[in-house]
Amino acid sequence: MRASLLILLLSVQLINSEDLACKSCKFVVSELEKIFEKDLVKECIQPLISFLCERFHIQTHNICKGITSTFKEEFLYVIKELISKPQHVCGLLLKDCDHEDNPLYSNWTIPIPGNKPQKNDRKPPKDTIGPTLRVLHITDLHIDLEYAVGTEVDCGEPMCCRWPKERSMKPLKSPAGYWGSVGNCDSPLWTVENMLKHASTKQGRIDYIVVAGDLESHADWEYSKEGHLETINILFPLFNKYFPRTPLYFSLGNHEGYPVDNVAPHSVPEKFQMTWLYDAMLKHFGRWLTVKDQNSFRYNACFSTLIAPKLRLISLNSILGDNMNFFLYLNQTDPDGTMTWFASELLQAEKRGEKVQILAHLPAGAGEMFEQWAINYYRLVNRFEDTIVGQFVGHTHKSQVYLTFEDPEDATSRPTSVSYSGPSATPYDGVNPGYRIYTIDGVRNNSTYKIIDFADYYLDLIEANANYSYKDMAPWKALYTSVKKEYNMASLEPEEWMKLVHKMPNDHQFMRRFEKNVYRRDLGPCDAGCVQDRVCQMVTSHHSKALCQSVRGNIEGDSSPSPPPRLSLPSLRSFLTKCPV
């Protein structure tokens, strides 16, 4: 649904002959050039995208129509820039088509600054000695202002639990509950507010809050600037209502993009910049940042700020590494110098003797991340492993752990760091909503600022909808109050998480409990494929099959899905002849 740029040229990748596919690609690009030259974009491009969207059953008619409307201007700008170099486009999509070796300028690396200090033996912080910090991790709120109690949960579309756009005569199979519903449904606003109320009234002291992005619903074909601003002006005041004196730090999610996933670097025209969004956000959480940090966020949605003596938090805009970000199809290379800036901030922190926490939305190993962004991030994490003491991410909606290793291609080498994808506030994608609280080594001389432990809290939606009315506090409860006790870990050092990876294939009871905690609901036994998927996910923080294979051997992937319907060159030519080019 979001890859409209590739939808336009999808047909050429479905042709078996490489030579014919290359010729077909050049034909499509040449036709597009004619369309732009004769100013026939409105008559031809938008109908073509809608046609392909419906032809390949990517979505329903209404959603396909919404996609073309939402993405129109940004999409057409990127296409116009791309088609000026047919070999650029075809070299990108097809191997050995005009031999464009690096069409996206994707093989980029940044210099690793400074010399890595000699590795110190890890000394995990003790549980009970000295002060601690308590940190609330919230991510993927995805509020749906159109959520409607009693509507269909299993509607067969990307977003359910809403009144349908067209009248349906189908009988209601599964009505949406008051507090939310597991499935393709986002969070009603009142559930998110109830979560914040529970965290503020039941959890005692919270020293600061990290929010890892994604405020908007998954109805991304309906996005608008007005809608984004409405969400910001609803959600941030709720944080202020329940945590008026608690610092809040935010990282941009892919659903903050308008269109979705699209955050423009400064290499494209100013009209595509997201300053309007950043300014709106800063009005709400900017008071916790210095003027310098505010200006940094206003530039590219990144900042680096001191949050305690010798403790720095870096908010990294990971959407500048998102392979669904159209603007990066023009040039991937270190957008806005963000990774170079990140390296510099880490180096300066090391020189000052500071520890660093990183807040981002996309995990580096996420499928949506460009590999060069992921591997540059990976190399920096390894270089500054003694400086980085926390990595907080979101996006997956699941409670996941990602490990990095001294050898980026070998998961049997020494593990160097761990990042945490927190539980999502939305139930979308088969989870119960949740939030997390970390206990961190606190402010004192020579504090490690390492994570000592964390607790996860969740809302069982089946129980909540059955037994609680809107007048009550929803029954949020602990999934576990100590992850260390839950998994019998000596500490949360990377080596301890790696011990769990080795345990997984041989302990079915443990694996079922682990998966229950990932989803915040019991999915039943975890079979061999499930175990392999989890092991691979935990050891893969960049796109390397070698990492997975080094731990589990030759792991077979899922069975291939049925191929999509083919669109031949003649049928595409027939469609294009409707345009008067």
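Any Cβ shown, glycine's included, is placed from N, Cα and C.
Same-site candidate for Zn(2+) 2 binding, as annotated by TrEMBL with Asn254, His361, His395, chosen from Asp214, Asp293, Asp429, Asp441: Asp214. According to TrEMBL, Asp140, His142, Asp214 bind Zn(2+) 1; the candidate from His284, His397, His502, His508 that the record adds to this site is His397.
Per TrEMBL, the disulphide partner of Cys536 among Cys526, Cys530, Cys548 is Cys548. Following the DSSP three-state reduction, the secondary structure of Cys530 (disulfide bond) is helix. In the structure shown, the C-beta of His361 has more C-beta neighbours within 10 angstroms than that of any other entry among the binding-site residues His361, His395. Considering other CB atoms within 10 Å as the measure, the emptiest surroundings among the disulfide-bonded residues Cys25, Cys90, Cys97, Cys161, Cys536 are those of Cys536. Of the chain residues outside the Zn(2+) 2 site list Asp214, Asn254, His361, His395, Thr139, Asp140, Ala212, Gly213, Leu252, Gly253, His255, Glu256, Ser318, Ile319, Leu362, Gly394 have their Cβ within 8 Å of the site's Cβ mean position.
Counting every protein chain shown, the number of other Cβ atoms lying within 10 Å of the Cβ of Cys185 (disulfide bond) is 29.
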